[in-house]
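> Structure below; questions to follow.
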Amino acid sequence: MSILQATCSFFRQPASFAPDYELSMSELAALDMCQKRAIFKPMTPEERQDLKQRCGGSWKLVLRFLLAGEACCRREKPQAIAGPGHSIAVTSNGVVYSFGSNSSGQLGHGTTEEEWRPRLIRSLQGIRIIQAAAGPGRTMLISDAGEVYAFGKDSFGEVEYGGQGTKNVATPQLVESLKNIFVVQAAIGNFFTAVLSREGRVYTFSWGNDGRLGHQAEPNDVEPHPLLGALENIPVVQIAAGYCYLLALACQPSGMSVYSVGCGLGGKLGHGSRTDEKYPRLIEKFQLLNLQPMVVAAGAWHAAVVGRDGRVCTWGWGRYGCLGHGNEECESVPKVVDALSKVKAVHVATGDYTTFVVSDDGDVYSFGCGESASLGHNAAAADDGQVNRHPNVLSPELVTSLKEVKERVVQISLTNSVYWNAHTFALTESGKLYAFGAGDKGQLGVELVNNQTERGNPEQVDVDLR
């Protein structure tokens, strides 16, 4: 939204605040628009002024920060999360359903039994959830009051094969250590968890030994630590966690930028090398490409960004063609996916060597590892009735099976774990959810017959997310 449009709407009706004669018309209009944003409304005058200074001293910059966060994260909108073996679905009203693997109580129903159909988490009645995250054996939910609920393995740094998190929590529990932080997003890696505050500050749990994330902590530390370094005074609008690294989309007066921290193997930090970074470091390549990042995605071993102009960049491990450049080579700095040059992308999702891109007209493209039928390309049936293993896709291909849905896709979510066969969700504009890929634990939310363990084509899940 432009400042001119904001000014026009500002003059159509009385303002909801006392006049400030020191503000320009454009600043007044920006402040009026800020006060309509869900995150800004409950802030105290002091908190608003602190945010204004953090964003650069202008209400126009605060408005840009708020709008950028809404554009890249589906806060307060329907969303589906394809976790490692289990799934979470959130309706537009903040009601949560879960299904799939439940060995650690990660579905939140008070049991450890699998669920093959979406089941309402009844203990959350009266709490509106605006964002969800799923990791190996655990789930995190964020309410509209900025509170965080966690369940499943009782650890913020979880290695699937490790001994951490031996205690399981089978119902949503408030994370007490975060009660003084208004959280708007969570991201779960394999060794750590990160949360983003309303003011754009990043906090991390665990994986602080040897200063890996800029702080010293025990592997099972449950206290949040602020992410030190370059981002201490720069507001962040989105975070994304890979297997062992973190990406942060930052909003500065000069424009949007991406920082990375953690393990650099495969070049996935985007700095032209494979060395680790203990503190967040700016990925400089986007400036050279003249690309304004708007959405970031962190796969297990590779990463992707969508720019304001609709270009898509990928980098990191290129195994199985997950970078979309027609080969399996690694890229240590962001590289534009040339095969998508005629597509204006608005959304990107990454998993374990797989990538999905959604265009502005709702078309979906996928590339990378074809295992588990999670790319969504039409499958050929073998003589025994089982789905043939899909070939890997080295360049972006249109997911034609989603075209048959005849609805605009607005979100893709896919499994981001090296230990689980992947599944994928496609959410449409009308709130319909379609699933495909691995379903051996019920994580698709649809019925499998004849000893099937996966679905090659999208099937609608019986849950209404409107």
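Numbering starts at 1 and runs along the chain as displayed.
Glycine is no exception: its Cβ is also placed from the backbone N, Cα and C atoms.
This is the feature table in TrEMBL:
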DOMAIN    79-413  domain 'RCC1-like'
REPEAT    94-145  repeat 'RCC1'
REPEAT    146-199  repeat 'RCC1'
REPEAT    200-252  repeat 'RCC1'
REPEAT    256-309  repeat 'RCC1'
REPEAT    310-361  repeat 'RCC1'
REPEAT    362-430  repeat 'RCC1'
REPEAT    431-466  repeat 'RCC1'
> For the repeat 'RCC1' (431-466), give me same-chain residues lying six or more residues beyond its boundaries with a C-beta closer than 8 angstroms to one of its C-beta atoms, as numbers and ranges.
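Distal contacts: 78-80, 82-83, 85-87, 89-92, 97, 99-101, 114-118, 372-374, 376-379, 385-387, 390, 401-402, 405, 407, 414-415, 420-425.
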> On the 0 to 100 pLDDT scale, where does the repeat 'RCC1' (431-466) sit on average?
93
> How do the residues of the repeat 'RCC1' (431-466) split into helix, strand and coil according to DSSP?
0 helix, 13 strand, 23 coil
